[in-house]
Structure formats: structure tokens, C-alpha cells
């Protein structure tokens, strides 16, 4: 990139204008593709309520017909923009038809209804989302660092590995980590995964629907960073067939009752509810998850529900600290890396708090 272009991209506008750039972000028709466009605001904003609604051509995103293509964006969450910096912002939006009804691909609206239920809000649901992903070489769609058409050595040395022959893509990972912290996303950590070229970042603990807003924004930031790096970001739950780990989005969850004394009994009752609705959850936990949930590579078989303490081959894992202290949280290990966090987080809350067997 030329120095002139770099200088222009890094221009500090604060001395010449009060205007602020807002990048409006939404989810496209596939349910995983992220879209965005920017607009100028007259000045800084302190609340999402100050932001105007906007619209876009839904016929170009698979979300509307050409003869009636306008879809309306409702701003829902604000984050600092790590690319433009200054007072510029990223805005997570959801999408509605002109008559005010949520379009079918808008999963946030239904999630918000669940999280706004008094029984749910009173429980102050906490989520920690472990987003696994794979970095691919742009032109061949093969994992970063792998020989083209070939394979690296067997799994073993790559998980949390260090070294040029074990960890590929660390600059991207660290850039993303810092960008999320700058943005105000509650990112809590990163690590290299079992399959080389695969990494993980964690968001949370965050309360209610904010966990999903933060994960979608973190995904957007990663998409932008990999775009800049010339690398393809994949959320495929099983990007490479064979003796290689898949990619999930393990979802850690607790309620106020679970975090109190005697909470372990509440956890066990919640897990029993999840068992009774196992099929419904599996069907909503990500496309292609059957390629990942095979009972191998630290997964449970998708057709069987199981849970255990410290068991990473179970559907639901309870940590040893939770068992020892008699309170805490549990981890739902079933969601795939391409899951929609609005669906998964709200469904877990609905099943464990609202649903009556």
C-alpha cells in the first residue's frame, strides 16, 4: 500500500469536522454473511437511541424481492471503530420490513423477546462464547500454513503451540484481540486450536443479548482484518475431513440461581431440561454440525445427549470447580462455529428458565 494511501486512511478528522462516521452492520440472507455500509453523522453519539434508522437493498442480500426491495436497519448496539478510531463507531443493527415486522433472517428480534421476559431478566443470564474459526489461504481455500494439496504433521503439537512450524496466523489473531478490546467488546482470551490454522477467541462473560451483539461485532472485526491480510475466514464446523478437529462455539452459561449457594442442583435441573429438548437444540445449533458431532475429536455424538464433570466428550460439560463449590456454570459443547448466537443464547435461556416439561 502506498504511503499516501496509508496517510489518508490514518487522517485525524477531529481538527477539521465534528462529523462522525458510523459503520452500520447487519447479517445477510445466508444467516452468516455480514454486510455493512457507512454514513456520516453530524456529531458524536452517546446512545444507540440517538442513531437514525437506515435502509438497504434487500434484493441484493437475499432478503427481499426486487419489486419491493427496501429493508430497514434498526441500530441496536454501538462499539468503537478500531479501523477509523477517533469518535467513529461500529453499529450492530437488525433488519425489518417497512411495516415494522422483523424479516425472517432477523433472529435478534425473537431473542430480545425472550431476554425481556421478567423471569429471564431477573436471572441475569451470563454467557461466555468460545468462537473457533479457521484461517484459509485465499486462492486455494486450504488452511493457513498447510502445504497446498498436502497435510501437516498429525494433531498434537498445535494446541496453544508456539513456533513457526506450529502456529500460523498469530498476527491476525493478536490484531483482532486488540481491536476487540479497543471496540469495547468483552473479549476474554485467545488460543491456538488443536487443528493447525484453527484458532479461538472468547467473548464474555456478558449479560443477556449483549453477548450475541458482541460476538457478531467480533466476527465482523475479524472479517475486516482477514480481508486486509488477504486471508479467508471460515466458520465451517468441519473444514477438513478426516482425523482433524472440527470448529465449535462452546457456550458457557449461568443464571443468578446457579451462581448462588446450592446452584449445582439448579444446574442439574437445567441440564435435564436440555436433555429433553436435545433434538430441538441440535437442529438450531448450526448448519453442517453433523459433520462435527461424531463422538470423536472432543465431541459427543449428535444423536445422544450426555453430560459429565470435566468431560470434553460430553454434550454438556460441568467444570470441576463448579462441582467442588456447589455453584457456578456449565458449558454446552454442541453449538457449531457457524451458529447464530442470538438463537443459541436465547434458546438456552428459554429452555432452562421458561420451558415447562
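Using N, Cα and C of the backbone, Cβ positions are placed for all residues, glycine too.
Record features (Swiss-Prot):
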DOMAIN    20-100  domain 'GS beta-grasp'
DOMAIN    107-357  domain 'GS catalytic'
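In the domain 'GS beta-grasp' (20-100), helix, strand and coil residues by DSSP number 6 helix, 41 strand, 34 coil. Mean pLDDT, taken over the domain 'GS beta-grasp' (20-100), works out to 95 on the 0 to 100 scale.
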